[in-house]
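What Swiss-Prot says about this protein:
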{"type": "REGION", "residues": "60-88", "note": "region 'Disordered'"}
{"type": "COMPBIAS", "residues": "63-75", "note": "compositional bias 'Acidic residues'"}
{"type": "REGION", "residues": "164-202", "note": "region 'Disordered'"}
{"type": "COMPBIAS", "residues": "189-200", "note": "compositional bias 'Low complexity'"}
{"type": "DOMAIN", "residues": "245-468", "note": "domain 'tr-type G'"}
{"type": "REGION", "residues": "254-261", "note": "region 'G1'"}
{"type": "BINDING", "residues": "254-261, 393-396, 432-434", "note": "GTP binding site"}
{"type": "REGION", "residues": "310-314", "note": "region 'G2'"}
{"type": "REGION", "residues": "331-334", "note": "region 'G3'"}
{"type": "REGION", "residues": "393-396", "note": "region 'G4'"}
Amino acid sequence: MSRHRIVRTMDYNDEYDGYDDIYGHSVEDEHCISPTDAQQWLYDRARGQQSISAFISKNKDIQEEEADEDEDEDAAFAKARRDSESFQMPQLDEIEQAKLSSCVDEVRSVVGDAVSERRIVETSMKFDYDMQKILDEILNEETNKSAKPAVNKMKAPAAPVLPKTVSKTVPTPPPKISLKEPRRGFEIPSPKVPSSPVVSGRNTPVDISAGDDISRSSATVFKVSKEQAVRNARQLYEKERADQKSHIHMIVIGHVDAGKSTLMGHLLYDTGNVSQRVMHKHEQESKKLGKQSFMYAWVLDETGEERARGITMDVGQSRIETKTKIVTLLDAPGHKDFIPNMISGATQADVALLVVDATRGEFESGFELGGQTREHAILVRSLGVNQLGVVINKLDTVGWSQDRFTEIVTKLKSFLKLAGFKDSDVSFTPCSGLTGENLTKKAQEPALTNWYSGRHLLDVIENFKIPERAIDRPLRMSVSDIYKGTGSGFCISGRVETGVLCLNDKVLVGASREQAQVKSLTMNEFPQTCVFAGDQVSVTLPALDINNVTVGCIISDPQTPIPVTTRFQARIIVFNVKVPITMGFPVLLHHQSLIEPAVVCKLTASIHKSTGEVVKKKPRCLGNNSCALVELETSRPICIERYADFKELGRVMLRVAGVTIAAGMVTKIR
């Protein structure tokens, strides 16, 4: 009851003190707008405002942008076309009509569609069908139109009005202005100025200004030795390699678990490149893990992670010798997560070996949409590989069935023909990588010899043609690996794409074009004095900033350096894409071993796949199986060549979200 007494004796006036007070906001919140803003922006009839322009009189005019030249040309072309479509020929007699028609045809053959039909007819009748006068009139008019200077429509800002001041002027001598010629990136001083033989370009900006001619990027000529400048590469090659076997690089591709590593491991063992002791060790270790069928695969899969997961993750290299060739085997990963590694290996290959699994259901899963059999074949063809050997592996799991072999061959033949391979450059070989049947000698299995009497796998490799090497071209070497050597400096591993490289040669490295001198050359762990196009070598470059060298950069000849740019035009073929390619579409650009983010900054034209004719200018998007000219822009400067100049360095691949969406050739460098 005590709490009831407290309520009865409560003074309510004390409790309501401050009840009507306002807390939590300022006095300005009671007004929706300040008086200054209201005076500037609200309409006041008393002030006599007559137009909306009074509200924005103090604001600057919005400057209009000039129209794009391409848009002006397209608009003029469209106007001329509409003029021609709406124009009707004048009514003339037969003779006059024949003269007029012949004049129009002859003028069209000279000027094309750039001039409207109305203009041609009027000019023809004006000069009484005199072709010389008609062409002079039309061509002079077109020349005058194109020669008009562009007028800048943007007005210059008005000069501020300053108050007049009266001051006593003191005569002063005119200031001396020293005019220095602007120095472009990577220019070397005159020979009169003493300079170090090794020029560091780590603080030198890269000259990536756009130009119409690619030779602008090679305008700067670096000093090289007299021997390097006058070297005859062809004579040197014949002197060094005349009595040696030809060298060829072969990449082994295919769907995951098709048996690529097992096939190559067994081939190496049968050819004597793997000792019995090493093979016995792999056999015992694989037995302990319950993976005895992987013992041949472990010859190439050397890392613990690859052996634990049972898949190849990086490109493994090995070497075999045939009667006439030295073959470098490149074992590519088959899993789709490691496609970038496969592309890096395929850029080094001359020929390819496609391994397919003949097991029921396995071939279908690898060949259907999303399988790596199809994607790998398209990738190697897009990267310039023309010769392909198809190995139908694990045919023993289906009892060496001829029907299964014929079924797989029929499906692959039609697909490979569409991918761009010639029938004469493709061969099909049945074998078993685990048992070694039909690898290095003729088949002995009766179930196979009943219907197959063709070549074994080693004979197929022996019959691959050696591609022509571009030895006479300037030096271009793509970098695939960088590591610390045993001596001073660090080593760069890569493939010599074109030209020749010798000891003590001076080279330019990457987009920075830092100059360095070759200290040592090794190939297959043997020292060399000269290496040539097609060789996989390691180069030691002392006194070089390692920050200027990255995987994917190009080593070039100082006399003809490789172009460096951030924007180029390419002719691409679009594969299956889920989202159409539009302007601003982000992609991953694959060029040799380089992986660089890029953007499709312009869709120039859609072109016909076979003829190359322009189907449509400036398309809005690119869909499946289309061919187009596009412009790509990278975030950093890269070294790249036109396909017409260097086929080896003019190919690019575009990938998005782990899927290859397009392949193309570089046609123009900005």
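Backbone N, Cα and C atoms are what each Cβ position is placed from, and that goes for glycine too.
For A258 (GTP binding site), the same-chain residues lying six or more positions away in sequence with a CB closer than 8 A to its CB are G334, V355, V356, D357, E362, G366, T373, N393, K394. Mapped onto DSSP helix, strand and coil, the region 'G3' (331-334) counts 0 helix, 1 strand, 3 coil. Counting residue by residue with DSSP, the region 'G4' (393-396) contains 2 helix, 1 strand, 1 coil. The Cβ of L434 (GTP binding site) lies under 8 Å from the Cβ of G259, T262, H266, S293, Y296, K394, D396, each of these being in the same chain and 6 or more residues away along the sequence. For the binding-site residues shown (N393, S432), fewest C-beta neighbours within 10 angstroms: S432. In the three-state DSSP scheme, S432 (GTP binding site) falls into the strand class. Fewest other C-beta atoms within 10 Å: among the binding-site residues V256, L395, that description fits V256. Here the Cβ of G254 (GTP binding site) has 26 other Cβ atoms within 10 Å, regardless of which shown protein chain they belong to. Annotation for K260 (GTP binding site): spatial neighbours V252, I253, G254, T312, D331, A332, G334, V355, criterion Cβ-Cβ under 8 Å with sequence separation of six or more. For the recorded site, G254 (GTP binding site), the DSSP three-state label reads strand.
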